[in-house]
Amino acid sequence: MASSDQGYLGVTPPISTAESNPREKEVTVTLMEELRRQGVFESEEESKTREIVLGRLAALVKKFVQRVSLTRGLSEAAAKAAGGKIYTFGSYRLGVHGPGTDIDTLCVVPRHITREDFFSILEGMLRELEGVTDVASVPEAYVPILTFVINGIPIDLLFAQLNLSTIPDDLDLSDDNLLRNLDERCVRSLNGSRVINEILRLVPNVSVFRDALRCIKLWAQRRAIYSNVNGFLGGVAWAMLVARICQLYPNAVAGAIVSRFFIIMHRWSWPQPVLLKPIEDGPLQVRVWNPKLYSQDKNHRMPIITPAYPSMCATHNVMASTQHIMTEEFKRGSEIVDQIINGEAEWSALFTKHDFFFRYKYYLQVVASSPDLDVQNKWSGTVESKMRQLVVRLEFVDALKLAHPFTKGLETVYYCLSEEEAQAVSRGEIPEKVANRKKEDIEGKEGAKTMYTTSFFVGLSLKPKEAGATGPRKLDISFPTNEFQKMVKGWVGYDESLMHIQIRHIKHTALPDFCFEPGEREAAARPKKRTRGVKDSPAPAAKRSRVESAAPEDSPPKRNLTASQDRSSSTPAPATSAATAMAELPHTAQTSDAIDSLAIAASA
């Protein structure tokens with residue numbers, strides 16, 4: 001707990017300093033029991049593995065700095081003394097990580113080690129390290145990143161070059177002077193670790209904060225709104241929201257914090273910023289979030305401001321569509337938790353799986369593919385980092401009410417016996433025989449090829465038909481999709497011979513089977529009686545409004561959903577080709593390429 005000269009933590013006094021009532025303490029106990037049932041806590045064995053992995057990574061970074069230092073002309077002694085250090089941040093540093101989650105790490109190096117060294121030499125050393133798999137890099141990202149897996153533990157590694165000749169083992173990153181003469185990407189990378197340290201300092205009770213945050217993280221993941229890169233909120237932003245509620249109710253237990261979280265966030269007056277402490281100015285030539293000075297900052301829709309200098313907006317990626325979706329989810333969460341507090345629902349209702357793949361009638365499927373796994377890891381990461389730009393462009397299409405991006409890519413592997421089959425896979429058209437083929441079926445076969453694919457999805461919601469309008473409503477999305485393809489193909493590392501990108505418009509009935517849990521699709525298709533109460537059927541607010549009013553033409557038939565967890569891959573059923581999917585609807589324009597020039601019309 002941090003001390004404060006004003007007697008409280010935060011930018012305003014607490015709403016209440018009272019302790020939680022017996023009922024709130026009771027639901028906190030049941031919350032923790034449910035979190036344990038949901039498997040959010042890792043085992044002691046995995047915890048030890050993480051420590052071993054971090055030790056190996058720290059040793060590798062020192063070896064990397066020493067190797068590069070020698071090439072810069074330093075002596076053996078000076079190269080060894082140059083140091084190099086790993087810092088953790090994110091959920092691991094916050095103490096809310098779970099089984100299988102990645103570890104956010106930061107590689108800090110002296111001034112003579114460059115970002116180019118990081119993405120060439122260190123990446124190469126990682127590929128040679130025993131137990132390392134899935135190495136991929138995105139050097140052009142807003143925050144350049146290396147991702148990989150060591151001994152089964154996923155790692156996200158950022159880079160920061162400090163204006164120091166050596167990096168001592170006891171270096172404290174909270175010193176603002178370390179930011180002198182750094183480029184913006186290094187400042188952003190350093191901010192991750194500095195922000196987490198400040199968050200922990202600014203909450204009144206770290207234990208309560210962690211318990212409440214575990215709940216909110218699980219809820220956001222299950223509802224598919226946990227993804228900074230896709231325009232929702234990332235882990236740091238969710239942590240800052242929970243921390244702010246903890247400041248407003250410093251003596252409340254975790255169950256009470258969760259309840260007030262949904263009430264306050266649903267009613268928050270965006271774009272009023274969420275702050276954990278006053279924004280500080282400093283002597284350094286670095287940009288600090290200020291909507292009065294910077295038009296870009298003024299345009300942030302849901303500003304959540306980091307507490308470490310220089311203050312930045314952690315939610316600059318939020319778009320109109322994703323803000324609308326999150327607002328609906330805040331409302332749904334508020335209604336369910338109110339039922340829980342009143343003894344009318346269980347905590348499991350809050351964590352019901354999202355209905356993304358049942359919610360819309362039309363979807364875009366963006367398929368990134370490659371015959372080389374290492375290439376695919378880089379290529380799919382690049383495409384994912386640009387998906388937000390596709391959604392932004394779709395939001396300008398007049399006939400679209402909402403463009404809803406899914407929060408992760410779904411990976412599949414296909415085993416092809418010919419170049420023709422491989423090309424079909426790269427187009428997102430999967431023949432049934434390819435979908436059912438196994439690895440051993442192509443071993444030793446001449447001309448056989450493995451294709452790695454990652455599919456990203458965007459749900460499309462059309463605006464209601466205007467009163468008195470006749471004929472079909474037209475939706476032309478050829479411009480945003482073509483512009484997106486040009487953007488990703490303009491990547492400096494793009495290789496046309498190895499990297500494929502395809503955008504397909506498909507109806508909800510043609511979604512690949514790998515979008516669903518086993519049996520989920522069939523269960524949803526079976527007609528069932530359902531109630532509308534939050535307790536019995538915790539559907540999102542958007543779905544309730546569709547049930548209670550006339551269903552809009554862009555929504556699929558009403559369905560019951562299972563509460564199973566997300567699944568990232570499975571063997572898909574044959575997918576409808578873009579040309580076939582589009583043929584089901586009248587075209588708004590002649591297209592020579594049904595994939596690249598998407599123009600569809602939704603029938604009235």
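For all residues, glycine too, the Cβ spot is worked out from N, Cα and C.
Automated prediction, rather than curation, is the source of TrEMBL annotations.
Your range for region 'Disordered', going by TrEMBL and the list 1-24, 25-48, 433-456, is 1-24.
A simple way to gauge crowding: the CB of V236 (ATP binding site) has 23 other CB atoms within 10 angstroms, across all the protein chains here.
The Cβ of S91 (ATP binding site) has 22 other Cβ atoms within 10 Å, all protein chains considered. The maximum pairwise C-alpha distance among F89, G90, S91, D102, I103, D104, D156, K217, Y226, G235, V236, the residues recorded as binding ATP, is 18 Å. The Mg(2+) 2 site is set by D102, D104, D156; from the centre of their CB atoms, other residues of the chain with a CB within 8 Å are G90, Y92, I103, T105, T147, P154, I155, L157. Between the listed binding-site residues, namely D102, D104, the fewest other CB atoms within 10 angstroms of a CB are found at D102.
Same-chain residues at least 6 positions away in sequence with a Cβ under 8 Å from that of I103 (ATP binding site) are, in sequence order, R50, V53, L54, T88, G90, Y92, H97, I153, P154, I155, D156. Separation of the C-alpha atoms of D102 (Mg(2+) 2 binding site) and Y226 (ATP binding site): 14 Å, rounded to the nearest whole number.
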